[in-house]
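What TrEMBL records for D111, D325 is active site. What TrEMBL lists as domain 'Peptidase A1' is 93-454. Feature annotation from TrEMBL assigns transmembrane segment to 470-491.
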Amino acid sequence: MAATNPISTFCHLHKYHCSVVAITIFCLHLVCYSVIAAADINNNNGGFSAHLIRRTFPNSPFYNHRKNKAFRRLMVPDTPESPLTIDEVDGEHLMKFSIGTPPVDIYAVADTGSTLLWTQCEPCDGCYKMKRAMFDPKMSSTYRNLSCSTKECSFLEDNGFCLVPNMDCAYYYAYVDDSISKGVLAKETFRLTSSFGDPVTLEDIVMGCGHNNSGDISENQMGVIGLGRGPLSFVSQIGPQVGGKKFSHCLVPTDTDPRTASKISFGYGSEVLGDDVVTTPMVDKELFRDQYVVTLEGVTVGNEFVPFSSEANLTLFEKGNMIVDSGTTLTYLPQDFYDRVVTQVIKTVDPILEPFNSNVVLDDPTQGTQLCFNTTKNPKGPDMIMHFEGDAKLKLTAEQVFFEDPETKLYCFGMVNTSRSGAIGDGQVGLYGNNLQGNFLIGYDLDTRVVSFKPADCIEMSSSGGGANIASHPSSFFSIYYFYLLLIVILSF
């Protein structure tokens, strides 16, 4: 019998043990990755991103706006929330998610101006017409109504109706255009698909199950997903699960291919960081306590700074004079401020273009007026800078400020006045609409109470996926996978 070589035997044993160790580490890594990926998205402070779909396809933000009400989601003055969001125009962004078990797809308006998340539910008497079938709570095994004794019901305040503690918690939301939603508060399982295609499951989300909904509401809308500051908003509810009560969105410009979706991110990874970030503090106002209220100090038009207040109206300026609202298409300014801004814009645009005033809503001057020019090309007016509190300066180009009216094919200024009496804080508060938010990454942090802005290519960001957690980076997993595979192959020889 030939003698064995102890050195050779040692080497084989060494390779064998190394291979076993490498395979074991790889298997442990695979298991840990799977657990962490699921936990990061669903349960353990991991954020996620999703897409926002534009409701209509025309490229201009003024699409059909002349035939619709300007302040679609303003709640009536005697309600505690007074959310200001959606007007019936191209600026609406729908967020797709599923509710119930088995899941039912819902397309709801992503609304930074209100807090309640609601959808139409069977049975539904006097409801508005929808293109898709509505949610039937009786068919879901995870649905349950909330009683009047729950803390969630108390968050409704004057919007809730309860007679005895053990009855179902009823809500009633009314808006100035006579749109209403009435129903019961409930908890349900929500499911979304992240922008990377990962499943996101959120349990026990409080929602309104609307059994009586009517008004000037599009048949494409199946409800509203409230993203405001209140405790019932989607952002507030999922905050503990995703790494904080914060979110950000990057809206593609309104002249982008309508098939291109915008992007919204929640929790960890949604922070607006890096160079060129400017931040302004949120302001608490009783009338708009659930909205993202900030302070606009003025606007620079060309080389001229136009302050928010004037010598003739010193009381106009106060902290909390502008609401940042992704659901309203145009930007609304108080009348005195608007007049001074428009005067400066006219001075800087070629006078041959013949400026004139036009109604924001066709045949209804009470909804405000807008400045238009007798040209079918962008008038290429001056760059503008919005000056927010905290030295937060946002530079806007002529492409962001001027838009083509599809009815007249003429170009109009993207800021209008709030001449409608009492519409927005008695005409003393403006709305920073989504026509000026395109190609900005805008972050809302409810914990630190700030709004952040950063110039961005939102089209590229929409196609790049999202989320900064480990589950949102499959490439990092596959690189590790190939490393271990290569190590095992090497040790086998």
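For all residues, glycine too, the Cβ spot is worked out from N, Cα and C.
No curator has checked TrEMBL annotations; they are predicted automatically.
For the pair D111 (active site) and D325 (active site), the Cα-Cα distance reads 8 Å. Neighbour density for D325 (active site): within 10 A of its CB lie 29 other CB atoms from the protein chains shown. Counting every protein chain shown, the Cβ of D111 (active site) has 29 other Cβ atoms within 10 Å.
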